[in-house]
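Student: I have a structure I would like to understand better, so I am pasting it below and will then ask my questions one at a time.
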Amino acid sequence: MFSLRPTALVSLSVVLFSIQETLSEQQPFVSPGWSDQWWHKSELESYTFPWPIQKVAIIGAGPSGLAAYHELDKAGYDVYLFERDTVPGGNWHYTDETPVKEPIPNADVSIGDFVPSLPPEGVRLPYEEHYEGNVSDELLRAHRGPKPIWNSLQTNAPPPLQQFRDHPWPADQPWLLPHAVLGKYIRAFASFNGINSNDVENPHISYNTRVELVEKCFTSTENGPMRTGWTLTLKQVSRTGTNTSKAVWTKENFDAVVVATGRFNAPYIPNILGLKAWADRFPDRIVHSRQFRRPQLYTNQTVLVVGAAASGVEIATDIAPNARAVYLSIRPRRISNSNSAGNPLSSRWMGRLPHNVSVVPEIKRFLPPTSAIALSSVELTNGTILTGIESIIFATGFRYTFPFLPQFHNTSLTNHDLEHKPKPIVTDGTHLRNLFLDILSIEEPTLGFMCMNIEIQNFKYAEYIAVALSKIWGNKATIPPVTRLWELNERRVMEKGGYGKYFQFLGFRGEREMIRLFTGWLNDAAASHGGRQVR
């Protein structure tokens, strides 16, 4: 998703390939492991929603959440947008403030992003609490969740690949954009739709508001409780003075919910032998890459960067001019002749690393810490012992997590365990399960998800998902009945070789095939039921 200045060199061929793929003539549609045009069959046998869908909650005001709001609002839904941060933008809202430091070892994935904060049991809502001093500051920071981008970060794709279709960039934009420019573009799109944080006249937007819990909603009837949607528990935190703040909890009911919280919320740090002892002994010297902001912090230090995906390579490159030396620890399989964006350390790129960046093997263990981190030792898988390390940055990625959906987490399951009801969406955090097209819960098709795939152009892909959700929930596009959805899901798992880290991976070709699927399905639906077509 992210990239620094060197990407202008190392990803040019990848981006050119993407543009070529986008502009090329459409090939005959090939289903990417889902089915043989299931939508033709679903006209006679389709899922029926148990209640009409009109009022929709969107969780998250990043690019995908804004795209969802734009489409659903245009389609006539009663849409509400909730964002924990102060402004829209998602991961493209940069601040010097860093997130709350992650625990080592990792927290359980179900609370990997945050621990839900619920009002005391039995209190009447709305319920308020007031805070002051350091408690207030830390509450605000934890509540809004500063994003994992750094000061010098630039986009890894040109503007035409990172834009909303109805709001193209001017033609004279540079090839790569500073994060601040893209952030302004996203906020401008929000303003155009009347959903920026300063659009105070819009009662349907709530910034500084975190969704703490999403649970089933029931209505009392003569025949007993009847399921009618979802109840959201909301917590809005606002500053009331220089060092004071207040939190207000409320609840609200919705017919459907869109999860647009992204994939970069719960940091992952591998559980390497001896690491916990180092983290306990040197807590300020071992961080996840989401804490990184400026390279000057590492001036004249010897730094160990762990991870060879985009963030690891580019953080190592960014700090190299300031650092004494940088070690980049990678798994051997990460060096290849591939030009894939999934292999940032291809052999063609190795020579472009700064002279003081040394690529080293994977870490085997951290030897028992001594009185100072620089006097302590790290053993690599090839037997090499590193000493003199003064800081460690784990650029080892993130895990899927939705703390507000505890009923859809089951971290006790492995990739090979059989599932039991309720079927989880999140297990170990490396992938998502039991979603149709990765956009709808199979058990609860009024629960939608935006842009949860890996290696996609989020702006473009989000618009197809938003149209799909709009048409499905408005009965202008059909999906198969739940039994058929489970059959398709089982086929997909089998074709993918089981669950795992790359279960949601699409890449350029996979994204192109999915867009063809959306186009064929949704345009067939438009011909049958009316509504706009997609292209």
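Note: Cβ is positioned from N, Cα and C throughout, glycine not excepted.
Swiss-Prot feature annotations, pasted as is:
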BINDING   Gly60, Ala61, Gly62, Pro63, Ser64, Gly65  FAD binding site
BINDING   Gly307, Ala308, Ala309, Ala310, Ser311, Gly312  NADP(+) binding site
CARBOHYD  Asn134  N-linked glycosylation site
CARBOHYD  Asn243  N-linked glycosylation site
CARBOHYD  Asn300  N-linked glycosylation site
CARBOHYD  Asn356  N-linked glycosylation site
CARBOHYD  Asn382  N-linked glycosylation site
CARBOHYD  Asn410  N-linked glycosylation site
SIGNAL    1-24  signal peptide
Student: I'm trying to understand the geometry here, so how far is the Cα atom of Ala310 (NADP(+) binding site) from the Cα atom of Asn382 (N-linked glycosylation site), in Å to the nearest whole number?
Tutor: 24
Student: At 10 angstroms around each C-beta, which of the binding-site residues Gly62, Pro63, Gly65 has the fewest other C-beta atoms nearby?
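Tutor: Candidates: the binding-site residues Gly62, Pro63, Gly65. Fewest Cβ atoms within 10 Å: Gly62.
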Student: Could you round the CA separation between Gly60 (FAD binding site) and Ala309 (NADP(+) binding site) to a whole angstrom and send it over?
Tutor: 25
Student: Looking at the binding-site residues Gly62, Pro63, Gly65, which ones sit with their CA no more than 10 Å from the CA of Asn410 (N-linked glycosylation site)?
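Tutor: Cα within 10 Å of Asn410 (N-linked glycosylation site): none.
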Student: Nearest by CA distance to Pro63 (FAD binding site): which of the recorded positions is it, out of Gly307, Gly312, Asn382?
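Tutor: Given the candidates Gly307, Gly312, Asn382, the nearest one is Gly312.
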Student: At the level of the C-alpha atoms, what whole-angstrom distance separates Gly62 (FAD binding site) and Ala309 (NADP(+) binding site)?
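Tutor: Here the two Cα atoms are 23 Å apart.
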Student: Closest to Ser311 (NADP(+) binding site): which of the recorded positions Ala61, Ser64, Asn243, Asn300, Asn356, going by Cα position?
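Tutor: Of all the candidates listed, Asn356 is nearest in space.
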Student: Neighbours of the FAD site Gly60, Ala61, Gly62, Pro63, Ser64, Gly65: Cβ within 8 Å of the Cβ centroid, same chain, sequence order.
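Tutor: In sequence order, the nearby non-listed residues are Ile58, Leu66, Ala67, Ala68, Glu83, Pro88, Gly90, Ala260, Thr261, Gly262, Met450, Ala462.
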Student: If we check Cα distances from Asn243 (N-linked glycosylation site), which of the binding-site residues Ala61, Gly65, Ala309, Gly312 wins as closest?
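Tutor: Its closest listed neighbour, by Cα, is Ala61.
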